[in-house]
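Enquirer: Pasting a structure below so you can have a look.
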Ligand code: AG3
């Protein structure tokens, strides 16, 4: 979509959503309208209509997703690990209350059951109301939506899942525990003997220490660890990382895509995403 220059004759609203990414950096989207604002028991939740990216979901002041670029994140956090497993039947999504990851997971015909373990029911409700295309999969018969603490859910389900996907917010507030070594160990235990996991692991430009630590922790827990990348325009710095931990299967061994209706993912992108720039390689070498 072309990014049009502003026509100075058209009156513009001067309302902007700004995510302060750190003390020196922010991303701003001009807001057409505020659609929803609430304080849930876990976080603040806002939905805006923006000019550039359509609807925008914000938790605790951070961009979660927008109508126009959500496909990149949701396809890449799901299809890279889902294709790495030869036959994923039971899948768990931790977090991800908007339903975008679930929507992608159930595109895989092998999937018999997909559980969403989301701590904040308000995210699920807001997504159903304001992001119906993202939430669409939540009503599928194979999907089991649980409003629970994902950490506890994982601990309570040993040896159950083929794939576990961690669609968390940033490692502050309710999501801190989802970036801990203890959690990766319980994810390992909740996976079957050839299971694998993937988590969103922030920006290699902005969160280097986190990426280093997470890769070490997943590396100590799983025999195979792989960081991979995608371009997400509305996330801090636009360059985003995901980290996979696998017991047996290697992401390098994927030969073809099993899903046809994607807008970002394909087998070439799968392999390209595994190729790391030198400064990112340096973060994952322990
Ligand atoms: N999960 C949040 C990714 C982190 C974005 N961070 C930020 N904007 N500071 C997105 C949920 C989408 N299902």
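Keep in mind that glycine also has a Cβ here, set from the backbone N, Cα and C atoms.
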Enquirer: Check TrEMBL for me: it has 43, 118, 149, 150 binding S-methyl-5'-thioadenosine, so pick out which one of 88, 171, 174 it puts in that same site.
Expert: 174
Enquirer: Please state which member of 74, 79, 83 TrEMBL lists alongside 98, 167, 168, 169, 170 for binding spermidine.
Expert: 74
Enquirer: Among residues 74, 98, 167, 168, 169, 170 annotated as binding spermidine, what is the maximum Cα-Cα distance? Answer in Å.
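Expert: The span, Cα to Cα at its widest, is 16 Å.
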Enquirer: Between residue 149 (S-methyl-5'-thioadenosine binding site) and residue 74 (spermidine binding site), what C-alpha distance do you get in Å?
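Expert: Cα-Cα distance, residue 149 (S-methyl-5'-thioadenosine binding site) to residue 74 (spermidine binding site): 21 Å.
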Enquirer: Where does residue 43 (S-methyl-5'-thioadenosine binding site) sit in the DSSP three-state scheme?
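Expert: Assignment for residue 43 (S-methyl-5'-thioadenosine binding site) reads coil.
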Enquirer: Take every residue in the domain 'PABS' (14-247), average their pLDDT values, and give the whole-number result.
Expert: 97
